[in-house]
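Taken verbatim from Swiss-Prot:
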ACT_SITE  Asp374  active site
BINDING   Ala318, Pro319, Gly320, Val321, Arg322, Gly323, Met324, Lys339  ATP binding site
Amino acid sequence: MVQSAPASEIAALILRGFDDYREQFREITDGARARFEQAQWQEAQRASAQRINLYEEKVAETVAGLRAGLADSELLDVERWPIIKSAYIAQIDLRLDDELAETWFNSIFCGLFSHDNISDGTMFVHTTRPSLRAHARAPYTRTYRPGGDLRQALEKIFDDYRFDVPYDDRERDLERIDALLHSNLPDWVCKDPDLAIELIGSVFYRNKGAYLVGRLFTPDEQWPLVFPLLHREGHGIQFDTVITDEAEVSIIFSFTRSYFMVDVPVPAELVAFLKRLLPGKHLAELYTSIGFYKQGKSEFYRALINHLATTDDRFVMAPGVRGMVMSVFTLPGFNTVFKIIKDRFNPSKSVDHATVIQKYQLVKNHDRVGRLADTQQFADFRFPVSKFEPECLAELLEVAPSTVVMEGDVVLIRHCWTERRMTPLNIYLENASEAQTREALNDYGLAIKQLAAANIFPGDMLLKNFGVTRHGRVVFYDYDEICYLTEVNFRYIPEPRFPEDEMSSEPWYSVGPNDVFPEEFPRFLFVDLNQRRLFAKLHGNLYDAKYWQGLQEQIREGKVIDVFPYRRQETPEQLLK
């Protein structure tokens, strides 16, 4: 039954939906410890996907409840929403997750109104939190002061973070971690009487790993500190290594990784702590890395509009080979690409618009194993015409007129994805040294193998569809043909029936829609013969259908790959054993 409601009551209903979302988010997150202790790896993957989908499900549920309980004349009167927003601000002022509550309000507003109603008066285009936030710190870290006795501090850490599953070999791990810290850090650090170790109280869980995250610091310097932990089934918990290199820690929090499960009483405080460890990371990426991807989206959007307002940067087409399905543009001074679906695809492409959207959602929900770039989806972006180079705007209007629309002096982009900008692998190799070429091609092969072991087949594996990150990692970013590895039928090319068969431009054998012939990869993937020969030496087993069939068999048996976001010696083949 619809009824009349004051603004404060509507605000309370919106906040009640947020509380429901946060409670279920915490419930899923809190289960990560038990899943790690019980080695429930497939359940961990399901929980990750469930938590990603939870936000949109709860937004839809809240919007439906508002529509059912309130008259349209009250709910859909946009003139009332500045009053509702003010009432909402008063209700979230004392919360410890208030910035997330603002983003939730925005999501509800966008679920009720078209995007042309968006303004800072009706929703939180700009946050109100920094000037209002109470500065009481939550006790979310533990501090250890070795006083020259690092071993004793490590023993205390092992005790404080113990699990219900015993350590595999506590003494061995203590000795190894102690030795690694002494070798990784300058000689004087471990002896410094003022050295302190500060660790976040909550454990970070992701896939088959757990991580203790913090820092080592003296009065003058600091180093990030990460202890990766593994559960070796049948043996126990193992401190796998210790990481103090900022670049390596940055990779652990990379945009190519799945989101961490970590208890976060005060999100802004945790993100601020991580930002001190990783100053090169944007707030958007840090919020996203701990599961608050919608907050990451808000922070990204605010950074984007600030960049456009404070620079002369203009959108240009992204460098690289033009895509057959997507058109990609970028801002030179903003480390992001914007991807839109073309109205018409190249005839060789069998996908449609709906399929492309499904592929991007698959990537969002799946374990990205450090080899798939995360994306954010946006609707109804509006930019001034003056922010586009004429050639860029003309191309976008030509290839995607249903998505890119002129509205006077404003360009409306109805739908797009944003993604971290990388150097296309084919362009990277054009200027690479011999050593860089070998390293990049080796990582390209590892990327394909790690994706395959995680049940992902890229489909179109051309070099142009992979990018190189600032840390030199090779990442796949073209998703229109991506699929589960177990959906593919890997075959050997049949022997020719007659000598003439080999000379024919058409195959002498039938080819199904999911058939893939790995023997054809060398010719399709590499025009450069030197690169082709080098890749065959590095990863020649990718050309053998039996290799792929073996991976499929192990995936169907329920094996979950170990892919470590830090340096290890194992190959992808060994990790499945």
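Yeah, the Cβs are placed from backbone N, Cα and C, and that goes for glycine too.
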| In the chain carrying Val321 (ATP binding site), residues 6 or more apart in sequence that have Cβ under 8 angstroms from it | Pro424, Asn426, Lys464
| query | Does anything in the same chain, at least 6 positions from Pro319 (ATP binding site), have a Cβ under 8 Å from its Cβ, and if so what? | reply | Pro424, Ile427
| How far is it from Lys339 (ATP binding site) to Asp374 (active site), counting Cα to Cα, in Å? | 13
| Site with most surrounding Cβ atoms, counting all protein chains shown within 10 Å, from the binding-site residues Arg322, Lys339 | Lys339
| How far apart, in Å, are the two Cα atoms that lie farthest from each other among Ala318, Pro319, Gly320, Val321, Arg322, Gly323, Met324, Lys339, the residues recorded as binding ATP? | 15
| CB contacts for Met324 (ATP binding site) [other CB atoms within 10 A, all chains] | 17
| task | Pick the one among the binding-site residues Gly320, Gly323 whose Cβ has the fewest other Cβ atoms within 10 Å in this structure. | result | Gly320
| task | Report, in whole Å, the straight Cα-to-Cα distance of Asp374 (active site) from Gly323 (ATP binding site). | result | 19
| message | Measuring Cα to Cα, how many Å separate Ala318 (ATP binding site) from Asp374 (active site)? | response | 18
| message | In whole Å, how far does the CA atom of Gly320 (ATP binding site) lie from that of Asp374 (active site)? | response | 20
| Are there residues of the same chain, six or more positions away from Asp374 (active site), whose CB falls under 8 angstroms from its CB, and which are they? | Phe255, Thr256, Thr288, Tyr293, Val363, Lys364, Arg368, Glu419, Arg420
| request: Tally every other Cβ atom lying within 10 Å of the Cβ atom of Ala318 (ATP binding site). | output: 17
